[in-house]
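A quick write-up on the structure given underneath.
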Amino acid sequence: MAFANLRKVLISDSLDPCCREILQDGGLQVVEKQNLSKEELIAELQDCEGLIVRSATKVTSDVINAAKKLQVVGRAGTGVDNVDLEAATRKGILVMNTPNGNSLSAAELTCGMILCLARQIPQATASMKDGKWERKKFMGTELNGKVLGILGLGRIGREVATRMQSFGMKTIGYDPIIAPEVSASFGVQQLPLEEIWPLCDFITVHTPLLPSTTGLLNDSTFALCKKGVRVVNCARGGIVDEGALLRALQSGQCAGAALDVFTEEPPRDRALVDHEKVISCPHLGASTREAQSRCGEEIAIQFVDMVKGRSLAGVVNAQALTSAFSPHTKPWIGLAEALGALMQAWAGSPKGTIQVVTQGTSLKNSGTCLSPAVIVGLLKEASHRADVNLVNAKLLEKEAGLHVTTSHNPAAPEEQGGAECFLTVALAGAPYQAVGLVQGTAPMLHALNGAVFRPEVPLRRGLPLLLFRAQPSNPTMLPTMIGLLAEARVQLLSYQTSVVSDGETWHVMAISSLLPSLEPWKQHVTEAFQFHF
């Protein structure tokens, strides 16, 4: 999937000037317009392939479906709550964020919240401003020796851990993705959640808001916590059940909470914000000059690198696409799409299970990025959808009646020659199997149903191929075929045959354009099909 035709980018929220400068230096046109209504945003996007936002702009399904040229949405920040990911994915629009841009700012705010909870600094400040001097009321607690539970050990979680360890806190945590030995390297002992709750004096959450993390702290988990636990949420509103938190504060099970985020922002229900044991901020996690500059810089660099074909970073809705920018993987992506298009033409818009098999050590982990490319080849012509691409391929797979499986064989079979790696695409339970390989950077067709081409057949994007199977002993067959091409005013560009398999030979003709019909060919051959990708 190429983004070389991305020319113009709209920046619809306030960003550091460096964002615009980097985009322009990378050869992109930039339009900056803020505070746009939905209708104004749609109007501006009619001439833009890219959109960069912070959190103010709402990229809804209406906006996405109306923006005919839009290819990429970049979120200068971590959360993508303001982008309709499902609508973007279905439309084949790539969504990117800058997961590291505001990590330090969010981590520092979290640490500040922990300190404020321990010493009741905001409450004491408010008391002083009221003209009071209440030393006894604001008795605090030391952090030294206390246990901090960190739920989510990504970049922010680990930055919080290393900083709070400087205060003498013992850090424990949980993350289903980070390996225990990795978290141990930055001083966090991983434990199951049920073991974490009763050990913690402080708990801070740093996970995305997912179905599995919504209400992670709830009535049941608060009941398992140490009495007097203090809770910090600078991640996403909803990870801490706000009703359960209020009940825990009222009962004394929770001694205090620091909240930078809420389920509804700004919160209409003020019960938590107004509670004397709650410290709150209006979602300030990324609100530092440094974070804003860093996020603007990072998203601009990501756009330029993507357009130049250098790399793809921060992908939210098509992680497998990241591998497509690897110099090793790029030609295999092209091969996978070509074999998918070949299979679609050969098997006649197949349904059922498509088997994608990688062979050879260097393709060991490539199945997840090659299978979407196979789907693109299968669906683009059959569905007549120009927007079928690596972003939405997996989403459209099931709707098309397909089930694509991937598997890997470490070594390529000896009978397939000296090549180290092969890609096989087959229709399960039917006689359709195509094998390809890459020579240098060129995708090549190696075999059809075991009939090997020597040399292999080049698969060039945009070049139509006519393939047919026939008896090898008919001397009049080739002149007849050339005559049929001439009648259709189609030029023969090249011609290759396979070795004999099951008494027949596969023939491949590169032609100047697709034939209007294959009916005249059917009386001369066993089967025939044509395709391009």
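Including glycine, each Cβ sits where the backbone N, Cα and C put it.
Cross-referencing Asp62, Asp175, Asp219, Asp305 against the NAD(+) binding annotation in Swiss-Prot, which names Thr78, Arg155, Ile156, Thr207, Cys234, Ala235, Arg236, Asp260, His283, Leu284, Gly285, Ala286, picks out Asp175. Taking every protein chain shown into account, Lys58, Arg236, His283 are the recorded positions, and of these the Cβ with the most other Cβ atoms within 10 Å belongs to Arg236. Restricting the recorded positions Ser14, Lys58, Thr78, Arg236, Glu265, His283 to those with a CA within 10 Å of the CA of Thr207 (NAD(+) binding site) leaves Arg236, listed by sequence position. Neighbour density at the Cβ, taken as the number of other Cβ atoms within 10 Å, is lowest among the recorded positions Asp260, Glu265 for Glu265. Counted within 10 Å of its Cβ, the other Cβ atoms near Thr207 (NAD(+) binding site) come to 21, all protein chains included.
In the structure as shown, the Cβ atom of Ala235 (NAD(+) binding site) sits within 10 Å of 27 other Cβ atoms. Pairwise Cα distances among Thr78, Arg155, Ile156, Asp175, Thr207, Cys234, Ala235, Arg236, Asp260, His283, Leu284, Gly285, Ala286, the recorded NAD(+)-binding residues, top out at 24 Å.
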